[in-house]
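Report on one structure; see the data block that follows.
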Amino acid sequence: MCSSEECLIDKSWTSEEKCEYIKCNQDSCEGGGYLTWSHYVKCQYNIGVRVILIILGILYLIILFVIMSSIADDFFCPAISGIVSHLRMSESIAGVTFLAFGNGAPDVFSSISSVLTTPKPKADLALGDLFGTSIFVTTVVLAIIIFTKSFKVAIIPTLRDLIFYMTTLAFIVFCFLKFDKIEVWMPATFLGIYGVYVVTVIILGIYRTHRKKRNLKKKNKELEDFLSRPSSAASTTPIFGAMKLKEETISVSALFHFMIGYSQFIKNLTRANLKRTTNNNNNDNKNEKRGIVNLGFSEPYSIPSERKISTIFKQNTFETDLESLESLADLDGSDDEGREEKFGYAHHTVFTSHDQISLVASEIEEIEITTWRSWDWVWDLFNHLKSWPSRDEFSEMNIFIKIVTVIKVVPVFFFKLTVPSNEMSWCKPLFILHCFASIQFALFSIQIITLKPFDGSPGLWLYGLGFSAILAMVAMYFLPLSKEQKYYKEIYSYLGFLMSIAWIYATSNEIVSVVTMIGVVTGLSMELLGLTIMAWSNCIGDIVADIAVVKQGYPKMAMAAAIGGPLFNLLIGFGLPFTIAAAQGKEMELLINPVYRLLMLFLGISLVTTFVALFIQRFTVRRPHAVLLIFIFVVFLIFICLAEFHVLEWN
């Protein structure tokens, strides 16, 4: 009965026998978290209490998904953005490495947790989650994006991602058909495919940059020729008729963006406007999110046609160098990949990079602290640890966001207590708390807090406490109370990255534990639970973010995330944990059961459908394409249910 590779409970067993089986096979019947839900439920012989435990487990699962979403969006992604900024990585490299890792963190860590936390890896749960997420995103999420707005796709990036995706799927099918267990070279090949993908992105990015610079040099010369015309001609030429270069008019919106971005005068006005918006939110911007100022002006500005170009040039000084023109071309949107704007994702709302700065600035009130004797430092610490919105902000939320916000109050408090954030201002008391809380939670998250390095030794928690005390004393003596340190943001980016991983990893273990309990109680397979509960819950944030991105005018970015995101999750989520597990000597079977056949079949159908539809529609996605994707997903669900209940047998 013990050492079973799968948690298979016979319905004819008594309750005591089922409980003993769970205790004897915790590696296969539990998920690796601190709470052993299968044991709690199956070893409870009172039916009423058992039902209550199951309900509590489901509620706990919902809270865990909220925690996962919050830590990934509000702490992990900003930390990654800070690291990318510090390393000065190009957008193409950052987009397929750090930023993709940030977006796919829940899926990747769920896979790592289900594979590495037990001696007998749950490969079926990991693959079910990855495949289920892939199908859901490439059908439902992509369809929602298209329903929101029809648009012309970025041709080269979209085709690149689809080709790599279909190649990866073909390799998975090959492995399932030819082998019955996972060898170390199989997941390593996935990591190799990801390496080739990154190199391809870099090469295409270099080519695109070279092409853009060549075109911009040409436009630079033409613009200089235009500006060198006699001032009398320029002063009487309306802006809508004068800026014609090679029969291609530069939009007024792009020109206005250009002058705003490179005029110190306008920058100063923007800072003043930002300050006014933060402090006087209850006036004209009462219905907008407090502290948010869109410095990019997503809507085109209209300038009266009678305004003369010479007047504008006199009011705003700027240089017409190559770098400035590069920004002008990006804003004009003529590039195949569309406008390139760095995005932050916080509180289920997508903001541009400068918007997010405003958001953070509005959340924490600045307090000047001069001495420990005053109690200002207590109020400053309270503001930094505050995890609930103001009354005005809460009243403006809809009912769903209010519920999520209430759920997040306690978790966010512990996030702020243990995760250094590069978005918050310097707070020395909070740094000292981080010295203790962060180290203890890091040990707790990987379940070694009570581990004894040798016989007679105290647990690692005591060693961590001693190390924390040393750090705290150094901070007390050397760090100033109010002045922000030079590399504070950079250091907090890396520390926040590590602590966010600790939270995501611990949360993933608990999620797997609850999902495993549901499988034990209902008798449903791990594949079905992975491709439904785990996959769909991880996609809720994607839907919210992608719709927001589309509504802000960036549908190409949303579509790139809908295709490139699951590709990254599949390559890294399968390649990394299974490579480590195989290197450790763990045996993992490759069972091509009907569920896996359907997963691979319908994922291939969805990818091929999108690939062919792009050519048929001449790379402009429309609603019939979205309807077809929804139909594919509905048919997939029907077949999965038939296969799960053995109505459909695929031999």
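Just so you know, glycine gets a Cβ as well, placed from its N, Cα and C.
The feature transmembrane segment is assigned by Swiss-Prot to 51-71 (among others), with sequence analysis given as support.
The topological domain 'Cytoplasmic' feature in Swiss-Prot is assigned to 72-91 (among others); the stated evidence is a curator's inference.
Taken from Swiss-Prot, the feature transmembrane segment covers 92-112 (among others), and the record attributes it to sequence analysis.
Mean pLDDT for the topological domain 'Extracellular' (113-126) in the predicted structure: 64. The topological domain 'Extracellular' annotation in Swiss-Prot covers 113-126 (among others).
The transmembrane segment annotation in Swiss-Prot covers 127-147 (among others) and rests on sequence analysis.
As annotated by Swiss-Prot, topological domain 'Cytoplasmic' applies to 148-161 (among others).
The annotation transmembrane segment is assigned in Swiss-Prot to 162-182 (among others).
Taken from Swiss-Prot, the feature transmembrane segment covers 184-204 (among others).
Sequence annotations record features per position, and here Swiss-Prot assigns topological domain 'Cytoplasmic' to 205-398 (among others) based on a curator's inference.
Among the features that Swiss-Prot reports, topological domain 'Extracellular' is placed at 420-428 (among others).
Sequence-distant contacts of the transmembrane segment (429-449), counting only residues of its own chain at least 6 positions beyond either end whose CB sits under 8 Å from a CB of the stretch, comprise 34, 377-378, 380-381, 384-385, 416-420, 459-461, 464-465, 467-469, 471-472, 475-476, 479, 495, 498-499, 502-503, 505-506. If you look up Swiss-Prot, you'll see 429-449 (among others) marked as transmembrane segment.
Per Swiss-Prot, the feature topological domain 'Cytoplasmic' maps to 450-458 (among others); the stated evidence is a curator's inference.
What Swiss-Prot records for 459-479 (among others) is transmembrane segment, and it gives sequence analysis as the kind of evidence.
Marked as topological domain 'Extracellular' by Swiss-Prot: 480-486 (among others).
The transmembrane segment annotation in Swiss-Prot covers 487-507 (among others) and rests on sequence analysis.
The transmembrane segment annotation in Swiss-Prot covers 511-531 (among others).
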Handout entry: Stretch contact, the transmembrane segment (487-507) with the transmembrane segment (184-204), Cβ-Cβ under 8 Å, 3+ pairs
Key = no
Practice task
Using DSSP, break the topological domain 'Cytoplasmic' (581-595) down into helix, strand and coil residues and give each count.
Solution key: 5 helix, 1 strand, 9 coil
Exercise for the section: Establish whether the number of Cβ pairs under 8 Å between the transmembrane segment (162-182) and the transmembrane segment (51-71) reaches at least three, counting only pairs separated by 6 or more residues. Expected result: no
Fill in the blank from the handout: Among 51-71, 127-147, 459-479, 511-531, 596-616, the most Cβ pairs under 8 Å with the transmembrane segment (560-580) come from 127-147
Handout entry: Two-stretch contact, the transmembrane segment (51-71) and the transmembrane segment (511-531), at least three Cβ pairs under 8 Å
Key = yes
